Amino acid sequence: MAALRVLLSCVRGPLRPPVRCPAWRPFASGANFEYIIAEKRGKNNTVGLIQLNRPKALNALCDGLIDELNQALKTFEEDPAVGAIVLTGGDKAFAAGADIKEMQNLSFQDCYSSKFLKHWDHLTQVKKPVIAAVNGYAFGGGCELAMMCDIIYAGEKAQFAQPEILIGTIPGAGGTQRLTRAVGKSLAMEMVLTGDRISAQDAKQAGLVSKICPVETLVEEAIQCAEKIASNSKIVVAMAKESVNAAFEMTLTEGSKLEKKLFYSTFATDDRKEGMTAFVEKRKANFKDQ
């Protein structure tokens, strides 16, 4: 905790007062977690909600927390009723960064041989859409974790930063890559080289955040978006997510070819037929995820 306070004091910009988040219900599967809280939400329990829950450490991302996060993600990924996932933090911090105490005494050999931080990548492999609902600090690994999600909603007082430079290192979980793709080279370079934080408003203007919400309604608005996504065909949603993500990995020509392939693939699904039939018949589609 002391190390986190030192890091927070180094990140430039005024500190914000804490805000309160709503109470949470236990995970439906009965799993016992130490560092997260997970549950199903939405009118028909179609949304998986995961809350990072290390408030005394400002949700510092220790190995145990990441392991539990991966377990909850796997459970929701395998649940046929869940169509989208919301990832959020606490009242003061989404996540203030990686756990510095776990990293302090690591050597190059330790990092290389253990593929340090490799287990963070599981979030990027989830096929169901994941929405980050960010209140408070999203610093370092917390900012990287949010950027691994497909959509970012931010509370009005949220702040984003990559302050690793201030403790003698650089982002190691995709920060230099995803931040640059999201906000462009100039702002990303400034944030990475100075450790400066940006506000939710600046993050939205730069393209990092898609929506700013009142603090009190942030999570519920993210859940509403997730419910809307979950109401569509899950198999087609997965195809759409894959196609959009390909834009960051492929050339325009390659990405367009993949898009066409996935577009054609929807014509092999019952849901495509149902969706177009429902449109012609002027009724709501009844997707079966087939």
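From the backbone N, Cα and C atoms, a Cβ is placed for every residue, glycine too.
Pulled from Swiss-Prot, these are the features on record:
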BINDING   ALA98, ASP99, ILE100, LYS101, GLY141  substrate binding site
MOD_RES   THR46  phosphothreonine
MOD_RES   LYS101  N6-acetyllysine
MOD_RES   LYS101  N6-succinyllysine
MOD_RES   SER114  phosphoserine
MOD_RES   LYS115  N6-acetyllysine
MOD_RES   LYS115  N6-succinyllysine
MOD_RES   LYS118  N6-acetyllysine
MOD_RES   LYS204  N6-succinyllysine
MOD_RES   LYS211  N6-acetyllysine
SITE      GLU164  site 'Important for catalytic activity'
TRANSIT   1-27  transit peptide
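Overlay of Swiss-Prot annotations on the structure.
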residue: THR46; record: phosphothreonine; contacts (Cβ under 8 Å, 6+ apart): LYS40, ALA81, VAL82, GLY83, ALA84, ALA226, GLU227, ALA230, SER231
residue: GLY141; record: substrate binding site; contacts (Cβ under 8 Å, 6+ apart): LEU61, ALA95, GLY97, ALA98, TRP120, ALA173
residue: GLU164; record: site 'Important for catalytic activity'; contacts (Cβ under 8 Å, 6+ apart): GLY140, ILE170, PRO171, GLY172, GLY175, VAL192, GLY195
residue: LYS204; record: N6-succinyllysine; contacts (Cβ under 8 Å, 6+ apart): ALA154, SER210, LYS211, ILE212
Least buried by Cβ count (within 10 Å) of the binding-site residues ALA98, ILE100: ILE100
Protein Cβ atoms within 10 Å of LYS101 (substrate binding site), excluding its own: 14
